[in-house]
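Feature list (source: TrEMBL):
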- GLY424, PRO425, GLN426, SER427, SER428, GLY429, LYS430, SER431: GTP binding site (BINDING)
- 1144-1159: compositional bias 'Low complexity' (COMPBIAS)
- 1161-1170: compositional bias 'Basic and acidic residues' (COMPBIAS)
- 9-174: domain 'TIR' (DOMAIN)
- 414-629: domain 'GB1/RHD3-type G' (DOMAIN)
- 1136-1170: region 'Disordered' (REGION)
- 1-1057: topological domain 'Cytoplasmic' (TOPO_DOM)
- 1103-1170: topological domain 'Cytoplasmic' (TOPO_DOM)
Amino acid sequence: MSDTAITLHKFDAFLSFRGIDTRRNFISFLYKELTRRNIRTFKDDNELERGRRISPELIRAIEESKFAVVVVSENYAASPWCLQELVKIMDFENKGSITVMPIFYGVDPCHVRRQIGLVDEQFKKHEAREDHEKVLSWRQALTNLASISGDCSWKWEDDSKMVDAIADKISKKLMIDTTRSNGSDLEGIDAHMKALHRLLDLNSKKTVRVIGIWARGGKGRSALAKFVYQNICQHFESHCFLESVKRISQDCHMSQCHEEFILRNQGERLRNLRLKNQKVLLVADDVNKLEQLDALAEDFNCFSPGSVVIITTQDRQVLISAGIKLVYEVELLRFQKVRGLIRQLAFKERNISAAFELALYRASNVAMEWLGCLRGNSDKSEVCGSVQLIDGDGTYNVSGIDHFIKEVKLGDCGLSYAVVSIMGPQSSGKSTLLNHLFGTNFLEMDAFKGRSQTTKGIWLARCAGIEPCTLVMDLEGTDGRERGEDDTAFEKQSALFALAISDIVLINMWCHDIGREQAANKPLLKTVFQVMMRLFSPRKTTMLFVIRDKTRTPLENLEPVLREDIEKIWDSVPKPDAHKDTPLSDFFNVEVVALSSYEEKEEQFKEQIASLRQRFMHSIAPGGLAGDRRGVIPASGFAFSADQIWRVIKENKDLDLPAHKVMVATVRCEEIANEKFAHFISNDEWRQLDEEVQAGPVLNFGKRLTTILGSCLSEYDGEATFFDEGVRSSKRHQLEEKLLQLVNPAFQDVLGHIRWGMLEKFKASFDKALGIGEGFSSASQDWFKACMSQFDEECAGAIIEQANWDTSKVRDKLVRDIEAHISSVRTSKLSELTSLYESKVHEALSEPVEALLEGANNETWTAVKKLYQRETESAVSGLSSALAGFDMEDETRDIMVTSLQDYSKGVIESKAKEEAGRVLMRMKERFATIFSHDSDSMPRVWTGNEDLRAITKSARSASLKLLSVMAVIRLGDEPDNVAKTLTVALLDSTNNDTSKKSITTSDPLASSTWDEVPSSRTLITPVQCKSIWRQFKTETEYTVTQAISAQEANKRGNNWLPPPWAILALIVLGFNEFMTLLRNPLYLGVIFVAFLLAKALWTQLDIPGEFRNGALPGLISISAKFVPTVMNLVKNLAAQGEAPPAGNPENRSSSNNTSSSGNPTDHRSSSKED
């Protein structure tokens, strides 16, 4: 068998996906559908932190899965965890250990394969954070994945259809793989398939081929048909497998058989096949009547050419009557080959140790089903209703005994059954005796053919008409010539087997052998007594000696002789030291009965048989023939017990019956528990309840699940009630634990639903109560109590009686969630209240304080303090009233009130600091206002009569007052001397004499703090005040200078004559010059021309305007304009000189004369204009 065929997979499907994209939608639907179909699916719900590697458990889950379903969504490539997963998946895919099925959900496969668009952006982010080689491997894995054909979500109308298609695909692949792995390598299957392929002729398209598969017994034909169906179904457009046609037809009339096949096997599918003329594969398994074929035949004609119909049957006459010519007969294997086949299937070798015998027993069922292994005379069980328990080679017929027990319904008997066995020489009429005594039909010897071995091995049948249920074992006869004189091993083994499991042992012996030393029965008795010693603590067995062909000698005379012979044989058998003196009666209840010859006195024989038969009625009742019933194995464990006993006997080991009883109880109780666990998993009520739990809260969950669990455990108790109490209780406890472990997630989900529902209800009710004005504390307490009370009630309804599960953790979690919500709402509400009152305080203080500080005077801080106290008290009062409904501690309330008060104070301090930053500007504005306006707020006109010094001092005093007000915050009652210090240091300081004292002692402003004023209240330090005052004086000096200039200009404007002394000096000093001018008038003309030129330059250069901005800028500007202006004047004069006369020359001359003799003032005016 190949390694692939025996690979064990823990999971059928492994889901790889990006949680944030598909966990709550597509993946949840796919996972639910796969698990509903019993497909073992691995889905990891943990998110990996960045930088961590995937766990070994996850890698192991990938390795142990048959299929990997990779759902590539929009953000799949953005997850390093998903990409690491994908690399591992593709590695296993390359090794051939896993099949990958890509699903492209909401993405284009081309984008994924080419890694463009969003995928490329995501990989660029990885390249910035991760190792280059790692990212390269991720890219390669994603490219390889996208190269595999997969499903795209955009091709489907909705997700449900896509999920169904994916689940169908996985189911079909799992079914085909499982079938191939279970059968393709088994011994003999290749020969079957080779012969059938010739009959099937799959390439033929001429007609519909009808093929029969016939075998005489067992399930080999059905298993072979299933294997053929699974291997060729992919060649047909549609296919259908009808199982157990015989059983279906028993439940309905033949006229309804056709529709019953459709509805019970394929629903509407087969009806659709009939309408579409498709190439169809139809397998009808276990057909036993011609009418069943007739019911199906009307479908055959509708199939298209190339279709194949396979009929399996046990009755070849059915195939002949139906005219089916293509018939394949399944040749059955002999026991030797079957034994080797079982070992090959279970252990891949034919020789195994006894340690693996238990596994071999379970593997036998699989092999028997697959290849139809029957005993040598296979049709005997079908005729007589018996089964060959052990064949002549010592092989235990596992499948045969299992089928027999199901047919006779032995498992329902509990402890109410008995086992009878018969031993005796070959051809002594054992089978004949059993058939007449118990109504069985074991194969009897044909006297006309001579004496020969009729019974081979050990056969088992059920007695007819005897209560309770009695099983009869027909053992192979002793001293038969077929085995030879030396081959006594099987005789001893079968004798020990019969003693170990039988309540009554019949010893069949001839009457003429009694009293004879060399009688045929003596070796048999020695064998029985010898093997008896190999049983540990055997139960007392009834040994009924049946004397055949009784002569005239009365039974009263024969019985003592027989008992004497038995005692002698018992005494001669070697015994263990513990039983050397033990009498035979401690081991056996010896009974003797005699029967007449069946051939000579048949009627008398039958009368004696009828009398003996009555002794077997109620044989297990107190005083009955069975006797000791201690240690009896329950009927449901009979097959397994017999199998294990035979294994131990075959290995020539001593048989410990008490330990065997416990072992059988352990195995059977475990099987029953596993069966009940499997039934519970598939229980419709449980599955429906589980689905309801997944959907949401479930009413009466605990009661419903308790009922389901109780029913399951009750069924276990009913079937295991007769097994060992300790083992039964232990396995029941294990079953209960497994069931509770199975349902625990549903229970936790129910508690989660209840907790979530109560939390949501509390949130909604609490918010509603607050919305209608209910107090915070009362609303939270009332609804907390109500929700917790309801939670306790619903939890009580979810409690499972079989489980002692504690709901306190969930309750504590709900309490924490509610308290967290209350705390969150309280914090939010308190924050809203605090913000509300802070905004009110800010609105009430900000602008008024700013206005007060702008008009700073002696009463400014008094007004600010009153405003602060009034508004703060109002806000604190409102906040305290609002906090009364929150049930807060006094300390917390005081903290909030203090915080509001501090905020109010902070608003004032903030505004004061803002105004302190603008104090220089405010001082200049105040100085300008006072200096430039009179007491009536009218602008001053500097006439020269104003006391400029007094006005300046007044304006500076007002500005200094503003500085003193803004230097310190005065919200308290503490006095300070800031104003006095500033006045003395800045305003009254007129003594500029140099002092020999240090600056810190002579200058009160040479400090960074005010006396008796803390730094927290200081807005402007003394040093800063001095600096501000210096800058203030500098910037206001120009205003004073302008005022002085304005006064002087006004004075000059009112007195344009020079002073008398100047006039006198001018006359005295200029007398000589004046006389010079009188003597030479030409000088006077030159002076006049210079005056005109200077006047023109004065006008053109706008000298007063240039000097208005200052002396230096004026000089620079005049120097730049001087030369161009002179050149322009010269050009204008030249142009006027060259111009022609403007009229009559006479008039021109007259005019010139007139001008020459006219008024000189006019001439000066013209010159001036020029």
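Every residue, even glycine, has its Cβ placed from backbone N, Cα and C.
As the structure is a computational prediction, the values presented were derived from the model and not from experiment.
A 10 Å cutoff on Cβ-Cβ distances gives SER427 (GTP binding site) a total of 17 other Cβ atoms nearby, all chains included.
The highest number of surrounding Cβ atoms within 10 Å, among the binding-site residues GLN426, SER428, is found at SER428. When the binding-site residues GLY424, PRO425, GLY429 are compared by the number of other C-beta atoms lying within 10 angstroms of their own C-beta, PRO425 comes out lowest. The Cβ centroid of GLY424, PRO425, GLN426, SER427, SER428, GLY429, LYS430, SER431 marks the GTP site; residues of that chain outside this set whose Cβ lies within 8 Å of it are GLY477, ASN508, given in sequence order. Mean model confidence of the topological domain 'Cytoplasmic' (1103-1170) amounts to 61 (pLDDT, 0 to 100 scale). Around LYS430 (GTP binding site), a 10 Å sphere centred on its CB holds 27 further CB atoms from the protein chains shown. Of all Cβ atoms in the protein chains displayed, 23 besides its own lie within 10 Å of the Cβ of SER431 (GTP binding site).
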